[in-house]
Amino acid sequence: MTEFFQTLGMNYEWAWFTATIAGILLIALPVMLAVAMVIYVDRKVLGAIMLRRGPNVVGPFGLLQSFADGLKVFLQETIIPSAANKGIFLLAPIVTFVVALVAWAVIPFGDGMVLADINVGLLYVLAISSLGVYGIVMAGWASNSKYPFFSAMRAAAQMISYEVSIGFILICVVLWAGTFNLSEIVEAQRGHGLGIVNGYFFNILLFPMWVLFFISCLAETQRAPFDLTEAESELVAGYQTEYSSMSFALFWLGEYANILLLCSLNTVLFFGGWLPPIDWAPLYYVPGFLWFLIKTFLFFFMFSWIWATVPRYRYDQLMRLGWKVFLPMSLLFVFLISGYLMATGHYG
């Protein structure tokens with residue numbers, strides 16, 4: 001992109017700066033539009049499962065409800081508690097929002113449709129996603145209130161616990177694909193299952209890892225049945241209790257952007273990314289980014305369905321599941337997959 005702006009007569013510094021801003025906008029604007037749509041889908045799915053209609057007034061079929069809510073919170077007053085640490089209190093939602101957007105830079109939406117196609121893309125996503133807990137801890141501490149503080153401590157313990165098992169699961173994928181590059185991981189899944197299925201989910205060794213990864217994503221994003229950081233009956237609204245206006249909205253945008261990010265990682269790592277489900281020539285006439293969007297939104301639908309139907313875990317059950325079930329299982333499969341690859345000589 002820098003070369004394109006240089007052809008317009010800009011020197012290298014201005015071309016690089018303009019290309020960087022353009023790249024940020026190319027990622028941020030579509031992600032924000034997608035977040036607005038998935039919030040609408042989330043509310044519609046919850047309404048349907050609860051035998052309600054969901055949003056249906058603002059715009060056709062209620063499609064503009066998210067934009068109306070965004071305008072409402074934008075016009076509201078930002079209220080800061082008198083005992084709060086003002087600087088950190090206002091910085092926390094910004095950190096959560098920015099971290100959720102930055103990780104999208106390496107996600108391939110299609111063949112060549114990636115902002116930064118780096119060789120350590122998976123490692124980058126893992127590192128960036130683990131920073132999201134800082135915004136939550138900052139919010140809980142700066143609010144100077146017991147409910148947000150308890151929520152922040154829960155969030156920190158929960159995210160750290162499941163990051164470990166997610167790390168081992170991703171090692172399994174990297175061992176099989178032979179690369180950290182997300183685009184190359186997608187290409188490695190072409191015709192992987194019986195020579196016709198595009199995706200690692202068909203692999204008898206990697207399918208259990210996908211199940212663990214999907215459940216870990218629910219815990220990582222604090223979604224039901226692991227939404228203990230926002231347990232209304234215990235913690236009011238959790239770390240968001242003292243927030244209002246755009247500060248509250250930034251937390252919501254960051255939360256849903258992070259959910260979409262992990263849904264897209266499910267697509268890229270286990271379900272063939274932009275590749276069609278079956279390696280059949282007519283299916284390749286459908287643009288790759290459409291396959292990517294369809295798979296990602298199907299995963300988001302699963303998130304919403306689980307949120308509406310599965311009861312919340314107790315906190316001790318959550319910790320036990322992470323440390324006594326997921327961690328040993330993921331570590332066991334690292335050894336199993338490593339042994340299989342060494343025995344068969346199959347790498348990448």
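Backbone N, Cα and C define each Cβ position, glycine as well.
The feature transmembrane segment is assigned by Swiss-Prot to 21-41 (among others).
If you look up Swiss-Prot, you'll see 87-107 (among others) marked as transmembrane segment, on the strength of sequence analysis.
Through the fold, the transmembrane segment (120-140) approaches residues 88-89, 91-97, 99-100, 102-103, 105-107, 148-153, 155-156, 159-160, 163, 166-167, 170, 173-174, 180-183, 185, 220, 229, 239-240, 243, 251, 254, 258, 261-262, 265, 269 of its own chain, all at least 6 residues removed from its boundaries and within a Cβ separation under 8 Å. Per Swiss-Prot, transmembrane segment is recorded for 120-140 (among others).
Per Swiss-Prot, the feature transmembrane segment maps to 166-186 (among others); the stated evidence is sequence analysis.
The transmembrane segment annotation in Swiss-Prot covers 195-215 (among others) and is backed by sequence analysis.
If you look up Swiss-Prot, you'll see 258-278 (among others) marked as transmembrane segment, on the strength of sequence analysis. Long-range contacts of the transmembrane segment (258-278) within the same chain: residues 31, 34-35, 38, 100, 103-104, 107-111, 113, 122, 125, 129, 132, 170, 173, 182-183, 185-186, 189-190, 196-201, 206, 209-210, 213-214, 217, 220-221, 223, 284, 286, 288-289, 291-292, 295-297, 299-300, 303, each at least 6 residues beyond the stretch ends and with a Cβ under 8 Å from a Cβ of the stretch.
If you look up Swiss-Prot, you'll see 288-308 (among others) marked as transmembrane segment, on the strength of sequence analysis.
Summarising the annotation, Swiss-Prot assigns transmembrane segment to 325-345 (among others) and lists sequence analysis as the type of evidence.
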Cβ-Cβ under 8 Å with the transmembrane segment (166-186): same-chain residues at least 6 beyond its ends: 106-108, 111-112, 114, 117-123, 125-126, 200, 203, 205-206, 209, 212-213, 216-217, 220, 268-270, 272-275, 327, 330-331, 333-334, 337-338, 341, 347-348
The transmembrane segment (288-308) touching the transmembrane segment (21-41) per 3+ Cβ pairs under 8 Å rule: yes
Cβ contacts under 8 Å made by the transmembrane segment (87-107) with residues that lie 6+ beyond its boundaries: 23, 27-28, 31, 78, 80-81, 114-118, 121, 124-125, 128-129, 131-132, 134-136, 138-139, 141-143, 182, 242-243, 246-248, 250-251, 253-255, 257-258, 261, 264-265, 268
Cβ contacts under 8 Å made by the transmembrane segment (325-345) with residues that lie 6+ beyond its boundaries: 162, 164-165, 168-169, 171-172, 175-176, 205-206, 208-209, 212, 215-216
